[in-house]
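Asks: I'd like to ask some things about the structure below.
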Amino acid sequence: MRTNCWWRLSGYVMRHRRDLLLGFGAALAGTVIAVLVPLVTKRVIDDAIAADHRPLAPWAVVLVAAAGATYLLTYVRRYYGGRIAHLVQHDLRMDAFQALLRWDGRQQDRWSSGQLIVRTTNDLQLVQALLFDVPNVLRHVLTLLLGVAVMTWLSVPLALLAVLLVPVIGLIAHRSRRLLAAATHCAQEHKAAVTGVVDAAVCGIRVVKAFGQEERETVKLVMASRALYAAQLRVARLNAHFGPLLQTLPALGQMAVFALGGWMAAQGSITVGTFVAFWACLTLLARPACDLAGMLTIAQQARAGAVRVLELIDSRPTLVDGTKPLSLEARLSLEFQRVSFGYVADRPVLREISLSVRAGETLAVVGAPGSGKSTLASLATRCYDVTQGAVRIGGQDVRELTLDSLRSAIGLVPEDAVLFSGTIGANIAYGRPDATPEQIATAARAAHIEEFVNTLPDGYQTAVGARGLTLSGGQRQRIALARALLHQPRLLIMDDPTSAVDAVIECGIQEVLREAIADRTAVIFTRRRSMLTLADRVAVLDSGRLLDVGTPDEVWERCPRYRELLSPAPDLADDLVVAERSPVCRPVAGLGTKAAQHTNVHNPGPHDHPPGPDPLRRLLREFRGPLALSLLLVAVQTCAGLLPPLLIRHGIDVGIRRHVLSALWWAALAGTATVVIRWVVQWGSAMVAGYTGEQVLFRLRSVVFAHAQRLGLDAFEDDGDAQIVTAVTADVEAIVAFLRTGLVVAVISVVTLVGILVALLAIRARLVLLIFTTMPVLALATWQFRRASNWTYRRARHRLGTVTATLREYAAGLRIAQAFRAEYRGLQSYFAHSDDYRRLGVRGQRLLALYYPFVALLCSLATTLVLLDGAREVRAGVISVGALVTYLLYIELLYTPIGELAQMFDDYQRAAVAAGRIRSLLSTRTPSSPAARPVGTLRGEVVFDAVHYSYRTREVPALAGINLRIPAGQTVVFVGSTGSGKSTLIKLVARFYDPTHGTVRVDGCDLREFDVDGYRNRLGIVTQEQYVFAGTVRDAIAYGRPDATDAQVERAAREVGAHPMITALDNGYLHQVTAGGRNLSAGQLQLLALARARLVDPDILLLDEATVALDPATEAVVQRATLTLAARRTTLIVAHGLAIAEHADRIVVLEHGTVVEDGAHTELLAAGGHYSRLWAAHTRLCSPEITQLQCIDA
């Protein structure tokens, strides 16, 4: 890979031959003109000034014409060179995204989101930085070749001396290439690890906040950042070692040429004009030589980035697309023939499964969490290929079928209802983008989502936000069901399609499903007894093995495991009584229950960043000392660089014109000493800048991440999560890059400008006025450039965040995109965002290409003016030839820093936009404050006082005037239709959000007065969105209490019924879990979440649909454990299944954000209202007479 990455990149560049030819052609023509200009200068000095026998006007016209041509050619070179860089970056990004869309299940399990983000952002930026200079490479090489040819024509001895250092420079460059490539690759790997930590913390932010683990996640980031810090310091040291050395060697060659050329001019071997022309050529070549040396460093970093990007592009699915189309039969059969499968070799998840579903038949597959149901569904849709055996659809092996024809026949309702950014209508029509509004409404009506949609101001055009998390779990699930029904599949695969809806809605959905599956084959993977009414036959899975298949009655009679799964488990009651007497978390003197209370490591806390109106500026003030030292060294380095022109003037006027060779030798020796001193100072400056930059980056990233962790959940809605990831990664790096390089360039440029102006005034003040005539034009051009580019950079930065958000979204929802054959539409969406970012980049490049060459044009015009007037003064004896030559050299140096300042403005704009975003983030108010009340043990009284709440993305309020008082120790179950506000109440108690109006009080205190971390340390929460962080199963359970012993972890798992599932996993409690739990089923994740909440022994327990993914037997165990826990603490439960409501102290019924009923179970049944209807539906759905279940007319 590494040997051919340059060839691969050149292939991408060659896709844009027109731009390449224009850029190279302009570079070639511009180089020829630049190399010939010193010859014009030689003629002017020898013939028009020194000899005084030729007019200056014709030469001035030639110089002005050359300046105009150079401006146009430089514009073309810069514009098309930058355009190539943006086009190739876009092509690489699109190819990487296309590779992502092709991934099968194994590739999706292999790649982390952190790797994806870094390789498509940071690594691509490294490649783009090199591609910007593609035309410059040719220009520099041509400049060197033509320059050497011109110098050889001027003087062979001097030319030989000038090229003596080329082999030395080549050897040093070769060594730097080898070391920098390895160091940069290592640093990029660590950067991917940091991004992975950030992305995981943002994706799992609800879990982080639920258990008050913000500091723990910050510790993770700090540890990953420390490893990155060490790797980046190695890169900085190598850059400091090789960069100044490669730039110093050409300068030493200049001093050697100065000494030899001056001696030859003094001896009459060459003319003063030839000497000045040779020096001008050498000066012209010094810049390309230094640039090429610097580009070697950039090239090694770009190579490391290119290798990583190309690895992503080259990733291929492990399964091979078939060649045969699926048969066009109206009904399809599904058959598993002795199927075995394992995610890891030699660790089977399914063992010898033989199961057939006849065409037109509905089969229900039941089993406990981790039994293999979801894996079976993945094999049917061919996310994976079987290890042994075969899966056949319509009698054809799925491995022989084209994926397009296979997936076009299948409709999938997954256990996790993944939605995409866009509107409700677009998500329903995800599998049929050509669907009419009437067809979308019909599917929504079938999924019982239409009533909710009609209450929204924008109806089906309402945006759902990233991953649809602004909707309730039931609403997302019904949209996913409508999406599958609109697809009109011949084979319908549903994985618990009604687990998050209430009983009344489930009855209606079942009636519709009964009609929908009447003329098609269907497989229902379910844990709910009510769904079995739709099935013709039932299959029972247990630990990856098929136990029984038959009609529901037959299996009920002969399969004990089936009866156990669908019935409560009374034999566990005694264990629960023991558990009640032996709590998992025994109080220990001086020991808290959260990780934050046990760590001795100081990390950035909620108030570590300095307060005030501009926290970013205050934070950067911590590094004033190192930054000042770095800038002081830069100033010394710059001053040393201003001495050579003065030494050259002395050497010409005294050493050459007056034949005082000792003056020439002293000038050359002083120049050499100056170059060496400059090299040492430059090395020190690079070391200090490198160390300081990495320290600032480490500190800034940690503080921004710690602050982001403490923001309210509303900051993570819409695309806020992607913007936060961008802020912690790309934005902090943009700021530090400017501090490390841009600020250095600014200091160099300012010091150079001041020093040159002083020198020019000292040589001849009158000529300075000629230079100042160009300044008003330059100031006007700079103002216009800044005004136009500022808007472009801001838009481009925001668009980059959108590109990253789209990548994260499709990486998370790839299986749904593939199941509904939406890869091409995903590619179109990503292309639109990426192309918009590219066009903004090209627009910015056009502005740069117009502005920077204009500065050089003004420099050339000023040089011509000074040359004309200076020649007249030389003839008049006012100034010497040496003084005029020095003046011309200084003019070249004068406009160089002006151009670099203008170029630095590009980095400044990027940093300014990034700083604005980070400043805005750091200024966002967090729920906690330094004056917050500390929280000890809570009694648990909860009061809602006239509480209203509205989500930012919705006009309809989620809660409207809630007044409730929940005494300490009471168990309250909230019921109602999906979207009625139940989960929002739980989130307000957890203080994920603050009420829009009204107050939530606990133990008589407004939650806004509590220390938010201390308060959440007293809670145990199970949210709808299950998330676990990468690590072992044991780590996942102990997330809220990392100090728990293995025995305590196991006891918590036993009490919620998770222990059998865990021991069935490979390595049991040490089983490795991927970020987000992608290698676990929804039921397994829910059991881990319950054990996690149980372990912390909370004062207030909050359960939001905590058992929707569990089978009845496991659910019964969990409910008994919940009631045992609830006996000692306040417990608030959101439930669609009403089994636990019967045993609760109190039931609160919500509809449309208001309380419509409140009372005990028997009271509400007697009232005959909302709860009575819900209970009647629930009773019918959960009747033990499974074969005779009937849904009531809701």
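Placed from the backbone N, Cα and C atoms, the Cβ positions cover glycine too.
Annotated transmembrane segment per Swiss-Prot: 20-40, 56-76, 130-150, 153-173, 258-278, 279-299, 628-648, 660-680, 743-763, 765-785, 847-867, 878-898, in sequence order. Here Swiss-Prot flags 21-301 as domain 'ABC transmembrane type-1 1'. Feature annotation from Swiss-Prot assigns domain 'ABC transporter 1' to 334-568. If you look up Swiss-Prot, you'll see 367-374, 976-983 marked as ATP binding site. According to Swiss-Prot, the domain 'ABC transmembrane type-1 2' annotation covers 628-910, on the basis of sequence analysis. According to Swiss-Prot, the domain 'ABC transporter 2' annotation covers 942-1177.
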Asks: Averaged across the domain 'ABC transporter 2' (942-1177), what pLDDT does the model get? Just tell me the whole number, please.
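Replies: Averaging the confidence scores along the domain 'ABC transporter 2' (942-1177) gives 86.
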Asks: Would you mind listing the long-range same-chain contacts of the transmembrane segment (765-785), meaning Cβ under 8 Å and 6+ residues beyond its ends?
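Replies: Contacts with the transmembrane segment (765-785): 757, 847, 850-851, 854-855, 858, 861-862, 865-866, 869-870, 873, 887, 891, 894, 898, 902, 905.
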Asks: In terms of Cβ proximity under 8 Å, which residues at least six beyond the ends of the transmembrane segment (743-763) contact it?
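Replies: Hits for the transmembrane segment (743-763): 627, 630-631, 634-635, 637-639, 641-642, 645-646, 649, 685, 689, 771, 879, 883, 886-887, 890-891, 893-894, 896-898, 900-901, 903-904.
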Asks: Give me the non-local Cβ neighbours of Lys982 (ATP binding site): same chain, 6+ apart in sequence, Cβ-Cβ under 8 Å, ordered along the sequence.
Replies: Ser472, Phe974, Val975, Gly976, Asp1104, Val1134, Leu1150
Asks: Secondary structure at Gly976 (ATP binding site) (DSSP, helix/strand/coil)?
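Replies: Where Gly976 (ATP binding site) sits, the three-state DSSP reduction gives strand.
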Asks: Inside 10 Å of the Cβ of Gly976 (ATP binding site), count up the other Cβ atoms and send me the figure.
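Replies: Around Gly976 (ATP binding site), other Cβ atoms within 10 Å: 25.
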Asks: Look at the binding-site residues Ser371, Thr978, Ser980 and tell me which residue has the greatest number of other C-beta atoms within 10 angstroms of its C-beta.
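Replies: Counting Cβ neighbours within 10 Å, the top one is Ser371.
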Asks: Out of Gly367, Pro369, which of these binding-site residues shows the lowest number of other CB atoms within 10 Å of its CB?
Replies: Pro369
Asks: Hey, what's the Cβ neighbour count for Lys373 (ATP binding site) at 10 Å?
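Replies: Excluding its own Cβ, Lys373 (ATP binding site) sees 26 Cβ atoms within 10 Å.
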